[in-house]
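As written in TrEMBL, here are the features:
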type    : residues              : note
DOMAIN  : 3-219                 : domain 'Tr-type G'
BINDING : 12-19, 74-78, 128-131 : GTP binding site
Amino acid sequence: MAIRQPVVSVLGHVDHGKTKLLDRIRGTAVGDREAGAITQHIGATEVPIGRIYEMCGSIIGSKKFTVPGLLFIDTPGHQAFTSLRARGGSLADLAVLVIDIREGLMPQTIESIHILRQYKTPFVIALNKVDTIEGWNSTADRPFVLSEKDQQAHTKEVFEQHMYEIISQLSGNGVFADRYDRIDDFTKAVALIPISAKTGEGVPDLMLMLIGLAQRFLETRLTKEEGPGKGTVLEVKEVKGLGQTLDMILYSGTLKTGATVAIGTRGAPLVTRIKAILKPKPLDEIRDPRDRFDNVKELHAAAGVKIAVQDATGVIAGAPIRVVKNAKDPSIQEITEETSIKIETEEKGITIKADAIGSLEALAYEAKAAGIPIRKYGIGEITRRDVLESSYGNDTHHVILGFNVSTSKDAEAEIATHSIKVMTNNIVYALIDDYKLWLDESTRQNESDKRVEFAFPAKITILPDHIFRVNKPAVVGVRVLAGRIRVGENLIDREGKDCGTIKSVRDDDGNVLKEGVQGDEVSVAIEGVTVGRQINENDVLYVDMIESGYKEVQKVELTDDEKLALSDTVAIKRRTEPFWGM
Ligand SMILES: Nc1nc2c(ncn2[C@@H]2O[C@H](COP(=O)(O)OP(=O)(O)OP(=O)(O)O)[C@@H](O)[C@H]2O)c(=O)[nH]1
């Protein structure tokens, strides 16, 4: 059975070299036109197997592959990866995760790992910029395993140090990786290929590794399905002279001029007709810029192509496209299913928004993994309606997380009025972390707010030789034995007798304090008592509590000392009211 080229995506942290690598691959792919087999693509670069044999020279040995080549998606980054979908998963059959050998794992590297795992996409790691290792001796386009042999012992050592550092960072993130030429079982370890996107070193090894993995593990997935074409829309463009065009990747079957196609939109699928299938002419054949394309009658997967269609209203990037018999074709239902968003919602939860179906699902996936309930979700900017609808439930749910989206002007006006917390970020897991931090902070805040609302258990003792004033008010030095005391609280003694009200709390220097906490020695002004009558040196006093306050305080986490002070207080109260607090 014939198999098609795997579709390959390139992901990684900003500036780690994704674009440079794709540029290098494009340069590689063009190669020698005389060698034939070079096909120009839209939105993708094909590296035919013949070219890979040439590039790899001796390192490939006598191996032969039936995989006809690799089709790299030209748009790098995990946003492209998640928004370009096929069969409900990612369009990419394989991925290359680019890591700068000097920088190691960065936020978007980790994000990419999460996404690859979520989509179960097999990947290899391109350890980029080896040419920046001190003393590295570069030879353009050489396989890494050969290039490495020519390096000085010290340079090799520095290289290995960097590599092992990254291998250990990866293992800390659950990825067990090793240098590709040291792996025996590719089902157990992720292949790490040192490369330089600048000099092209290691690029042959990378190609070989991708082809090898596709051949060993993806044969069934890549088996050419004959029949109606299936693809994914990359971009919708209006082109002068051609009208509405769609750049797309055809990943299965055949596409013919004149065929009827169903395409995903935000609403019901659009059914339209292909007016023309356009392939870019080789650069050296373009004499007139208006004549950049060749018309083809028929196209087989996998390929990147531009099609001119009669109508493209409402078509979104990342949408599925299928050849159908007519507007009643049952397979249109599949389009509806593929464009439908599958996110579990709960009665109480937060709102999430993202720029595309794939990224929204990625955000939902991470939220679920972090135990964050979702009540509402949607694609596109954060609107006034989102804000209004997020003010249900308790405060911790008054939150909107936005991935790669902006907030509309009229929504901004409502955010403050409805006390909605809006967090946006272009890294999914950073967004989840932001939410968790905010949640911790606001839980703490709520707790301390609650503490202010009612008296807290506290136990103090009046220090000997610290009577500064006898009455009106009495001013005495105390040590806080447990809990904390605040202005306005009433004090009682061990018998439950009233011992006045705290009017002020001050430190040694006379500064006014908000409170005195366990371990503090402070001076307090107490109104309603006289030293020598109701209170005395060495007396132990407690903060008086009311029953409703006691019930509230039980909901708050108390320290062991506070618990002891509380049980003392309860015992005192029950001397006069046996059922106090029950
Ligand atoms: N020395 C050296 N520089 C490199 C290499 N690969 C990339 N660079 C440089 O690193 C910088 C970032 O490379 P890009 O390809 O733009 O990185 P990117 O990952 O595509 O970045 P974004 O598109 O911004 O996410 C550029 O200045 C490149 O020239 C390499 O192998 N060696």
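Cβ from N, Cα, C; glycine included.
Owing to the predicted nature of the structure, the values given are computational and were not obtained by experimental measurement.
Projection of TrEMBL feature records onto the structure.
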residue	record	DSSP (3 states)
GLY12	GTP binding site	strand
LYS18	GTP binding site	helix
THR75	GTP binding site	coil
VAL130	GTP binding site	helix
Quick test of your reading of the structure: among the binding-site residues THR75, HIS78, VAL130, whose CB sits under 6 A from ligand 1? none
List, in sequence order, the same-chain residues at least six positions removed whose CB sits under 8 Å from that of HIS78 (GTP binding site)? LEU11, GLN108, GLU111, SER112, ILE115
Since the record lists GLY12, ASP15, LYS18, THR75, VAL130 as binding-site residues, which of them has the fewest other Cβ atoms within 10 Å of its Cβ? ASP15
Where does the mean pLDDT land for the domain 'Tr-type G' (3-219)? 90
